[in-house]
Amino acid sequence: MSSLAPTNADLAVGAPPPVPVSKSGRKFSFNLRQSGIYLAFLAIVLLFTILTGGDMLAPQNISNIIVQNSYILILAIGMILIIIAGHIDLSVGSIVAACGAVAAVLMVEHSVPWPLAILITLVVGGVIGAWQGYWVAYFGIPAFIVTLAGMLLFRAVTLMILGNRGIGPFPDEVRTLSNGFVDGYLGNIGLGALGGADLLSLLVGVASVVGIVVVQWRARKGRQKYGQAVEPFPLFVAKIVVAAALVMFVVVQLARFRNLPWVLVLLAALVLGYSVLTNRAVFGRQIYAIGGNLQAATLSGVKVKSVIFWIFVNMGVLSALAGIIFAGRLNQANPTAGNQFELDAIAAAFIGGAAVQGGVGKVVGAITGGLIMGVINNGMSLIGAESEQVMLVKGAVLLAAVAFDIWTKRRAGASR
Amino acid sequence: MSELTDTILRMRGISKTFPGVRALDDVNLEVLRGEIHAICGENGAGKSTLMKVLSGVYPHGEYDGEIEFDGEPCRFGGIRDSEHKGIVIIHQELALASNLSIAENIYLGNEMATRGLIDWNRTNAAAADLLRRVGLHENPTTPVLDLGVGKQQLVEIAKALSKRVRLLILDEPTAALNDDDSAHLLELLRGLREDGITCVIISHKLNEVLDIADRVTILRDGRTITTLPSEGLTEDRIISGMVGRDLDHRFPPHEPKIGEEVFRVENWTVHSPTQHGRVLVRDATLSLKRGEIVGLAGLMGAGRTELAMSIFGRSYGSDISGRLIKDGKEIRLRSVGEAIEHGIAYATEDRKRYGLNLIEDIKRNVSAAALSRLAKRGWVDDNEEYKVAEGYRKSLNIKAPSVSSVTGKLSGGNQQKVVLAKWIFTDPDVLILDEPTRGIDVGAKYEIYTIINELADAGKAVLVISSELPELLGLCDRIYTLSAGRITGEVPRAEATQEGLMTLMTAGQEIPS
C-alpha cells in the first residue's frame, strides 16, 4: 500500500540531526514487570510440585486444573478487556447463574435442541451485556454502580427462573463440552516408560508447536524486513524452546490421561482469538487508547461509547458461555451458581498485570493470573490445606501482584 | 549588597541522577535576600529538578551537594521540612482541590483548629485577609473550580503566604495566564518583594523575566552557565546562554505560497454545554487558504479553544450553529471521526490531558487518529505502523531512543512533536494548532515553527491559536482577533503590531485593570 507513506514524513527539518541510534546494538533489558507474572507462575507451579511430591503435575491433575478453572478463565478474558478500558464488571457471577438457568430451562424443560439452546443462551448473555453497556457507555453511569446493580438484578432473575431448585440433567453433548474429552480417533501409541498416550492429542500438540514456531519466525522476519529491532537470536530460540516444551509437556500428560478436554480446545481458540483482537485489530487498539487516555482517544476520533458498549456485550456473551459450561459440569443449573466468580475473574486480570487505572493488560496475562489462582487452589487442596488458608493465600497473592506492579511503575516513573 | 549576610539561599555542588540521566551536574545557585531571582533554561536543563531538590520533593540523600538557607545548612526530608523553614514551591500544574472552597484550599493541611475541630469563622476571616493581600476579590467560601486559572494561581500564592513564606518558588507561573493576569501576578510579586519575601521564578517568557527579575541564573544541560544582573540584559543574551548558540532569529524565515481558499467557517455560534444560554462564540466567520498560516489571537476565555473544538466534530459546546465550507462545498461534522475524514485536524492545547496516551509508546500515539490507514479489514499492520512512526521520528527530529519509547517520558517539545506527527499522519488539509509551543523550550519552539512552515508549504492551511503575540507576529501570514466570543479583527502580517492586536483583542469588552 503505497498510500501509507506519510505525505509529510520527509519534511526536512532544519535542526540538529537526530540522536543516533544503532539498529542492532540496542540492548534488550529484561522487562521485569511484563515477565514477572510468568516467572511467578512457574515458581508457584514448581513450589506445589515439590510440596505435593509431583502430584501437581500428574496427568489427571493437570486435566483437573484446566477443567475446574475453565469458566473463570473464560470470564477473565472478557474482564481483561473491560479493565483495560478502565471499567469493571461485578455482575458476571450473576450473569453466569442467569444464563445457566436459561440454558437449563431451554434444554431440560422445553427440550430445545442443544445447539439452538446454546445459541439462544449466548444471545441472552449478549442482551444482558448490552443492557449494562447502555447504562455505562451511553448514559454515563460508572460501571461499578451499573454492574453492582446487575449483580443483584441478575441473581434475582436467576431465582425467579429457578426458584429454590436446580434444573438438570443436561444433554450429554453439553456435559461433554464442559467435562468431556476429545475422542481418541487414532488410538493410542506407547511412549515407553510413560505408558500409552492418545495419538491424536499428541499430533495436535505437535501441530501447535509447529504453529508457534512458524508464526513467531514469520513475525520476526517481518520485523527485520522493516528494520525493527528484534531480540537476539539465542533468546528468541530459547523462548520458543521453553514454550514448545511447556505445550508438549501439558499435551503429553493429557494424552496419557484421557486426551484433550474439550474446554481446553475452546479456551485455546478463545485465547488465540482475543489475543489477536487486542494486539492487531483496530477495535482492540481502541480499547487500549480509551483506557490510556479517554479524552485523547475521543479527540482522536475513537467512537468511545460504541467501543465501551461492545466490550460489555462481549462480556455478557462470554459470561453466558461460562454459565453453560459451569452448569454442564455440575449437570444442573443452580440458583447459587457463579457466586463470587466476578471476584476471581477480576483478581485473575489484576494478578495478570492489568493496571488499576486502565490502559494496560494482556489476555495471556489474565489467563496466567487465573491459572495462578487455580494452581494455588488445587495445590493447597492436594496438600490438605483448609479453605480459609487458601483464601488467605489468594488474597495475599492478589495484593502482592498489584503492589509489585505499582512498585515497578513508581521506580520507572522517577524521572524529571 | 553582596555581603554574606545578604545571601538567603546558597546551593552548592548540587548533583542529581536519575536512571540513565544526569539531571543536575554540580549546580550552584545563590539567591540574595529580598530579590526576585529568575532561573532560565531549556526544558530538561534541570530547572524544575533543582527546585524540587530545594523544596524537599527529592529529600536529602537523593542528591549530592549542600543547601544553606539563612545561614544554616539544611537537610530536608520532605516538603514539610522546607515549608517549616519558609520555603514554598508553587508547581506549574496547580495543586488545588477544585471542589473545596478557597479558604479550605488555603489552609489545607494547615487547618485552623481548636481541639481538633476546624474553626471556620477564623479560617474564612484569615483567608479573606490573605485574598486582599494578593488582590483577589472573591468570597473565601467560593469553590476553586469556579475560578479561572489566573485566580487559582493567586489562591496558591495566598496559600503560600499563609505558611509565612520567606522564599517563594514559582515554576512557570504565567504559562497558562493571559497578559492581564500575568501582569497582575508580576505586580503582586513586586509587592511581595517590598514585604521582604524572596522569590525564585522559573519562566520561559523572557520578556517577563527581564521585566521583573533582579538577577537571572541560566542553566543548560544540568549545569549552571552563569548568573547575571538583569540590568542591561537582553533576551538574546539569555537565549544564547540557554541554547549555547546564538539564535539570530527566533523564527525561521518563510516565504508563504498562498493558494485558494480551502476552509471557511461562517456565522459560527457555540453555546456553553454546562451553563444554559451562555454564548461562547458568536457569529464567527473566518477563512483559511492553502499554504497559509493564520493566527487566532484572543485572551484567555475569549472562546478560542471553544471555537476550534466545536469546529472539530462538535467535540465541545452545545447548540452549535453556522456553516462549514470545505473546498467550496458545505460539510457537516457531527463527530471527530467525520472531521478527520474531511481533512480537519486539531492538536490540543493540553497535550498531556487531551493529546497523548502517556502510557503508550510513540508509534501507537502517532497512529491513534488514523489507524484505519494502517489497517486492512480491521487488522492493523504493525510493521507499517513502525515504519510510519520511524519516518516521523526522523523527519520531525523526535528525540527518543526508538518509536517504542513511552511518550510520558519525553520532554514537552518532543511530546508536542508526537502530537504533530499524529495529526500530520491523518493527512489533513486544515490543521488547527492550539498553543503549539506552550511550555516548550526555545530550541524546540524553533523546530515546531519550522514544521508549521513546511506544512504550509505542503499546501495545508494552518490555524495557530496562541497566547503569545510575538509568536503569532513571527509566524502567521494573517491574524484574526477574538474577543468575548466575537471575531473583532483580521490583520495581515505586514500591518500587525502587538499594540494593535491587543486593542482588537479587548474590543467590545471591559478591559480588566
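Cβ atoms are placed via backbone N, Cα and C, with glycine included.
Note: TrEMBL annotation is automatic and uncurated.
Copied over from TrEMBL, here are the features:
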type     : residues  : note
TRANSMEM : A:36-53   : transmembrane segment
TRANSMEM : A:65-83   : transmembrane segment
TRANSMEM : A:90-108  : transmembrane segment
TRANSMEM : A:114-131 : transmembrane segment
TRANSMEM : A:138-162 : transmembrane segment
TRANSMEM : A:189-215 : transmembrane segment
TRANSMEM : A:236-254 : transmembrane segment
TRANSMEM : A:260-277 : transmembrane segment
TRANSMEM : A:307-327 : transmembrane segment
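It is A:90-108 that, among the stretches A:90-108, A:114-131, A:138-162, A:189-215, A:236-254, forms the most Cβ pairs under 8 Å with the transmembrane segment (A:65-83). If you count C-beta pairs under 8 angstroms between the transmembrane segment (A:189-215) and each of A:138-162, A:260-277, A:307-327, the highest count goes to A:260-277. When Cβ-Cβ distances below 8 Å are used as the criterion, the transmembrane segment (A:138-162) is approached by residues 82, 87-91, 93-95, 97-98, 100-102, 104-105, 128, 131-132, 305, 309, 312, 333-335, 337, 342 of the same chain, each at least six residues removed from its ends.
Taking every listed stretch (A:90-108, A:236-254, A:307-327) in turn, the largest tally of C-beta pairs under 8 A with the transmembrane segment (A:114-131) is reached by A:307-327.
Outside the transmembrane segment (A:90-108), and at least 6 residues removed from its termini, the chain residues within Cβ reach (under 8 Å) are 71, 75, 78-79, 114, 116-118, 120-121, 124-125, 128-129, 132, 144, 147-155, 157-158, 161-162, 167-171, 174, 315-316, 319-320, 322-324, 326-327, 332-343, 345-346.
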